[in-house]
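Among the features that TrEMBL reports, transmembrane segment is placed at B:299-324, B:349-376, B:396-420, B:441-462, B:468-496, B:517-537, B:809-833, B:862-882, B:915-938. The domain 'ABC3 transporter permease C-terminal' feature in TrEMBL is assigned to B:321-423.
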Amino acid sequence: MSIRHGLLALLELGPRYGSQLRSEFESRTGATWPLNVGQVYTTLSRLERDGLVAQGGEDDAGHALYAITDTGRDELRSWYAQPVDRTSPARDELAIKLAMAVGAPGVDIREVIQSQRRHTVQAMQDYTRLKARALDALESGRSQERDDVAWLLVLEQLIFQTEAEARWLDHCEARLIRIAAASAAAPPPRTGDPAPPPGPVAETARPRAGRRRT
Amino acid sequence: MNGWFHGWRAAVRIARRDAWRSKGRSFLVLAMIALPIIGVSAANVTLRTSELSVAEKADRTMGAADARLSDAGYGGVPIYQAPNGQDTMPVKSYEDQPYPDGDADTAKAVPAGARVLKDTSGTAKVRTEHGSLHVNVRELKATDPMAHGMVTLLDGRFPQKDDEVAVTGQFLKESGLSAGSRLTVRNMDRTYLITGAYELPGDLAANEVNALPGALLTPLDQALEAQGMSGTGQNTTYLVDVPGPGGFTWNMVEQANTKGVKVESRAALLNPPPRSEVKLYQHPDWVDYDSSGEANTAMLASLATIVGLAMLEICLLAGPAFAVGARRSRRQLGLVGANGGDRRHIRSIVLAGGLVIGAAAAVVGTVLGVALTVALRPLLEDWLGKRFGGIDLRPLELAGIALLAVLTGLLAAIVPAVTASRQTVLASLTGRRGVRRSNRILPVVGLVAVLLGAAIALYGSVVTDQFILVAGGSALAELGVVALTPALVGLFGRVSRWLPLSPRLALRDAVRNRGRTAPAVAAVLAAVAGTVAVATYQVSSEAEHRAGYEARMPSGAVSALLTQGDGRDASALRDAVRRDLPVDLTADLGRLTVGRAGCEMYSEAKGCGYVEVVTPKVNECPLWVTDADGNSASDHMTPAERRKLGKDWRCTAQAGSIGESGLVVGDASLLKVLRIDDPKAEQALKEGKVVSFHRPMVDQKTGKLSVRLVPDRGEANEAAAAEKEPPGKVVALPAYQAPDSVESYDVGGIVPAAAVRQAGMTMAPLGAYHSTDALPSSRQRQKLDQDLDRLGADVDLYVEEGFTGEKSIVLLALTVFAGLITIGAAGIATGLAQADAEADLKTLAAVGAPPRVRRSLSGFQCGVVALMGVVLGSLAGLLPGIGLRLTERRQSEKWYSEMLDQGGMADAPYTPVVIPWQTLAALLVLVPLGAALLAAVVTRSRGALARREAG
Amino acid sequence: MPSPQPVLQLQQLARVHGTGATEVHALRGIDLDVHPGELVAVMGPSGSGKSTLLTIAGGLDTPTSGRVLVEGTDITTAGRKALAALRRRSIGYVFQDYNLIPALTAAENVALPRELDGVSARKGRTEALAALEEMGLGHLADRFPDEMSGGQQQRVAIARALVGDRRLVLADEPTGALDSETGESVLGLLRTRCDAGAAGVLVTHEPRFAAWADRVVFLRDGAVVDQTVRSGADSLLAGQGSGRGGRGQAVER
């Protein structure tokens with residue numbers, strides 16, 4: 001879906017040919033989602049089929065140029081205007097893994113969490129380093145400003161996503177510790193107990209029982 | 001109205017809890033406000049209690065009697081009197097004649113059938129353990145029921161026999177005698193047994209001896225008369241107890257008045273007759289001299305000023321505490337604002353802080369004041385010298401005093417309240433220190449006041465010579481400076497850029513927190529300005545006095561002269577001085593006498609005369625010459641002539657005043673003691689010539705000095721009244737005139753003993769002049785005083801110490817006071833600054849400031865406030881001080897020139913303006929330094945380190 | 001990235017608060033080296049001991065056992081004065097709050113450690129101005145703290161932490177009171193300073209800020225449980241043959 005609209009957005013800036021579209025797409029998104037030329041042409045032909053783009057001559061080097069149609073522009077407008085659909089979340093391997101690890105024999109779920117956290121933070125470090133470079137580039141004023149800004153936003157999306165993951169991991173750990181402490185202190189847990197509010201509790205009130213571990 | 005009340009009640013509740021939470025600060029402010037309140041309320045209670053009621057007063061003056069009759073002193077002519085029994089006046093008008101004089105027969109005025117108790121008093125000299133003492137002798141049968149209430153027996157009993165006396169406790173203390181010892185009265189061969197001690201409730205400090213009627217004064221008078229000495233001055237009054245319930249009525253008083261007797265009557269005192277019935281008030285010559293109203297107004301005005309200044313000072317000192325309190329509870333105030341409280345509410349919360357502490361101070365102050373008075377009553381009675389009546393609490397007056405405390409608290413909280421209410425709710429909640437913009441109106445008002453005040457003072461000191469203008473203008477200008485303080489403090493901030501770290505930090509902090517700095521600086525300023533103004537004036541006038549000081553002798557010399565008696569004690573006196581003081585040389589002095597032996601100086605007794613110098617006509621100052629009609633010659637002169645004569649030697653020379661005539665009998669040793677190095681004078685004395693130090697005395701043609709031997713002073717006085725020359729033989733003595741440059745002090749001339757004999761005159765010892773090796777110490781002088789007491793002679797002892805500033809104690813006290821205020825104010829400001837700076841100190845520690853920085857910072861904070869205050873205060877104080885002196889200079893110059901025009905003569909006035917460098921140095925250097933050191937010492941150097949809890 | 005000598009070395013560091021029943025082991029046997037040019041983030045939940053670690057590393061607190069070496073010198077045995085001198089000359093602190101002294105201008109705040117160290121006011125100011133200029137804060141030199149934004153204040157604080165020859169910055173939640181964008185710029189500045197050769201320790205519980213570090217140390221109950229190592233290259237994105245690669249190499253050290 002997003003490649004389709006991404007190409008439309010690029011074509012709105014003027015007619016382009018296939019490989020040109022690919023390189024521009026990558027420079028905008030910092031090669032985060034690599035495209036191959038075949039994918040570009042497949043998408044272009046689908047767009048042409050739907051009447052959103054049209055072939056419009058060749059450039060000096062003989063590349064076939066595509067241009068956006070009015071229908072295409074309309075489609076692009078409505079894409080920008082509509083929020084990204086979040087009702088059917090993508091399958092997340094990490095969530096599935098943790099769900100499986102709960103209660104699995106021979107698996108230390110905290111170990112799983114920690115190793116994931118290390119990986120996540122390490123990824124964040126890498127993104128952050130790239131971001132620092134992008135910021136440097138922006139400040140030094142060299143190269144194409146629009147591409148750099150676009151890339152920065154994509155990077156930051158990745159950073160915030162990983163951050164959310166790291167926070168979620170922190171939260172999982174705190175929650176697991178709390179549950180373990182509660183079951184250790186009061187073996188028959190009352191089913192009607194409302195769950196304590198998430199987040200802040202894990203931050204502020206740290207159970208003493210946790211200290212005996214590690 | 002109701003809502004307003006409830007709003008206040010909430011405010012007071014918040015303020016009360018806040019005050020309780022910060023106990024240290026609250027206590028400080030409470031103490032500051034309460035201290036003067038304790039003083040004022042104690043003074044009030046003491047004053048009211050020591051003020052006796054009419055009945056209590058009557059008890060003390062007439063005991064249980066109905067009245068006291070005494071001689072009005074008009075020789076028994078009918079009189080009018082006021083109901084108080086004090087103010088009297090003869091019935092007849094004596095327009096140009098003197099009032100009749102003499103004694104009335106008081107006893108005759110006693111109504112028939114009344115019981116009478118005689119109360120006679122006089123004076124006597126009695127011997128004590130230490131020497132002799134002048135005492136009051138009271139012959140009164142103290143055991144009589146009528147005397148009850150007049151005297152209080154302390155110990156033993158009152159006299160019952162003629163050779164017994166009772167004495168006051170004070171007398172026992174001073175004389176060193178005790179009950180059971182015998183009392184010797186001088187000039188009389190009788191002794192008395194002391195049987196007991198008593199006190200006079202109205203005069204605890206009295207030295208009094210009580211004897212039975214006729215037991216002491218009459219025999220003493222007889223003995224004195226036999227020795228040709230003046231008597232005891234007996235004066236008898238009568239205590240009267242009339243039968244019947246009405247007491248000594250006004251009618252009876254008027255009856256007694258017809259016999260020239262005045263009456264203090266209990267009845268008339270308690271129920272005075274209406275003014276219309278008091279004939280005295282109807283008398284055309286009667287003038288009510290009671291000007292107490294005016295005096296009271298002046299006293300009230302100065303009292304109000306003092307109280308006002310004290311309140312201002314306290315407000316200035318307490319203000320910062322409230323400001324910091326408001327700052328501390330800023331978040332709380334912000335919450336009040338966020339919950340719908342408007343500025344008025346926030347203002348009322350901070351004001352309520354002042355109200356709460358003021359009210360607490362009012363209660364504490366008045367209660368402590370009253371308690372203190374009650375507890376210290378015996379001490380206070382001794383100090384005031386009289387017993388109090390019952391404790392007299394005036395609820396209204398005490399409430400007024402208490403109100404003063406509440407008012408002070410409220411006033412101190414006003415500025416912080418307004419400031420706090422101006423802050424936006426958001427700024428209060430976020431704790432962001434908004435941009436501090438100081439009040440713009442205050443500096444403008446201050447500047448206007450300064451300019452106006454200075455102009456008035458300038459006008460006062462340059463154009464007119466009105467003290468009041470100078471003083472008023474200066475006061476206005478000073479208030480202006482106080483108002484300008486925040487702006488001036490801001491100016492000080494400018495220099496901070498170039499200061500080293502700690503002082504820079506301190507100064508910046510002080511400037512940025514003007515809310516607490518300015519009042520403290522103003523408090524210091526006010527105290528220092530007053531001190532410097534007084535000091536300038538004081539030091540200047542002391543310089544003037546020093547210049548105008550006339551020594552009686554060369555520095556270090558001692559004169560010990562007899563003032564009474566015939567000179568018998570002179571040698572004992574000389575020996576005592578030589579024994580007790582480090583005496584080097586002694587010159588015995590004698591005085592020329594005329595008449596029978598044993599005559600005292602200035603005695604008007606029959607047969608006692610005197611010697612006077614006859615100034616030759618040509619040597620008389622023309623300004624003083626009077627013609628036959630008694631007109632002064634100077635009346636016909638022009639001012640220029642008078643001015644010229646004012647500088648003529650005949651007019652300017654100063655005559656000696658020693659002895660009666662300025663002449664003393666002495667020899668060359670006197671020259672040495674007076675440090676007169678003139679061989680010719682020595683030679684002259686050897687040759688039996690008189691040495692004169694006063695040029696007009698010697699007739700230049702004959703080279704002789706003439707004295708008149710007046711045989712009887714009484715005759716001479718009569719002659720003088722008739723404008724005739726006094727009778728007496730004139731003797732011319734060969735004389736030598738010492739050069740004008742010789743300083744002879746009091747001595748007008750020295751007559752050698754040989755000349756006295758030769759001229760057929762007589763002489764009596766007068767005493768001696770002594771020169772000393774060293775200035776006698778206080779201990780030596782005390783020893784001598786004791787010895788002289790034992791000698792029992794009347795001696796004029798004078799040690800020439802040169803000029804000693806008399807009021808330096810006042811200056812010192814003022815300086816100390818200003819210093820204390822400075823240290824106090826700076827200390828308060830520092831304490832508050834320290835409380836504020838805790839966060840900064842943590843940062844400093846983290847950045848690596850050595851531990852001592854905490855100390856030095858607080859020292860500088862204190863020093864900065866003190867320094868700003870004393871610098872501004874010194875400037876503000878010097879100006880009025882100098883202004884006052886300039887006014888005085890103009891005035892004395894005016895007087896001088898007027899006096900010269902009229903033919904008077906005096907030294908040109910010397911009105912210096914002296915800057916009190918010592919005081920200034922103490923205030924400008926020592927006080928801030930001391931304050932800074934003190935603050936640094938009392939600050940803990942440890943404790944700022946942030947030991948942040950793991951989090 | 002091995003370096004001849006670490007600026008900060010923590011060896012078997014332990015800290016016990018209280019005694020007996022109230023005994024709390026805030027730190028238990030921490031080993032940590034921080035090299036020049038390295039920014040180490042310490043992460044962990046509240047109570048994990050990260051702030052204690054920082055106060056001990058800066059000499060504001062003393063460990064119960066173990067050693068703290070700053071530029072090779074053991075500071076656990078130093079006296080109060082020596083520690084203060086150490087904070088002036090070797091260690092710079094940045095806190096979440098209580099950072100700048102309100103009565104001093106930015107330049108004066110930066111010059112503070114130098115002046116406390118006895119450097120003349122003029123020289124201190126020159127150095128401070130240079131430090132501020134270097135960090136792009138020159139225009140703030142004569143402003144007072146309450147005339148600056150929170151981010152500006154914090155950046156001035158970093159300048160102060162590094163003025164002089166100091167090579168160790170200890171930052172305790174420096175972004176706590178700042179919004180995300182401003183916090184980022186503060187971290188960016190810290191990063192730059194470390195790239196220029198300083199060693200930094202950053203205590204935070206925000207992963208996004210910790211990600212600016214070369215190394216992230218995870219602290220749990222007073223002990224290091226894990227740490228990330230900086231990958232040699234841009235592991236995620238490098239080598240994918242995009243137009244981006246060239247730029248990446250340009251900054252590669």
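Any Cβ shown, glycine's included, is placed from N, Cα and C.
In TrEMBL, annotation is done automatically, which means it is predicted and not curated.
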For the transmembrane segment (B:915-938), give me same-chain residues lying six or more residues beyond its boundaries with a C-beta closer than 8 angstroms to one of its C-beta atoms, as numbers and ranges.
528, 531-532, 535-536, 538-539, 811, 815, 818-819, 822-823, 826-827, 830, 855-856, 858-863, 865-867, 870-871, 873-874, 878, 881
How about the transmembrane segment (B:468-496) with the transmembrane segment (B:862-882) - do they touch, taking at least 3 C-beta pairs under 8 Å (6 or more apart in sequence) as contact?
yes
Do at least three C-beta pairs under 8 angstroms join the transmembrane segment (B:517-537) to the transmembrane segment (B:862-882), pairs 6 or more apart in sequence?
yes
Which sequence positions outside the transmembrane segment (B:809-833), separated from its termini by at least 6 residues, show Cβ-Cβ distances below 8 Å to it?
28, 313, 316-317, 320-321, 323-324, 506, 509-510, 513, 516-517, 520-521, 523-524, 527-528, 530-531, 534-535, 538-539, 858, 861-863, 865-866, 869-870, 873, 916, 919, 922-923, 926-928, 930-931, 934-935
Tertiary contacts of the transmembrane segment (B:349-376) (same chain, 6+ residues out, Cβ under 8 Å):
8, 11-12, 14-16, 18-19, 26, 29-30, 33-42, 44-46, 49, 322, 325-326, 333, 336, 391, 393, 398, 401-414, 416-417, 420-421
Tally the residues of the domain 'ABC3 transporter permease C-terminal' (B:321-423) by DSSP class, grouping H, G and I as helix, E and B as strand, and everything else as coil.
86 helix, 0 strand, 17 coil
Return the average pLDDT for the domain 'ABC3 transporter permease C-terminal' (B:321-423) as a whole number.
81
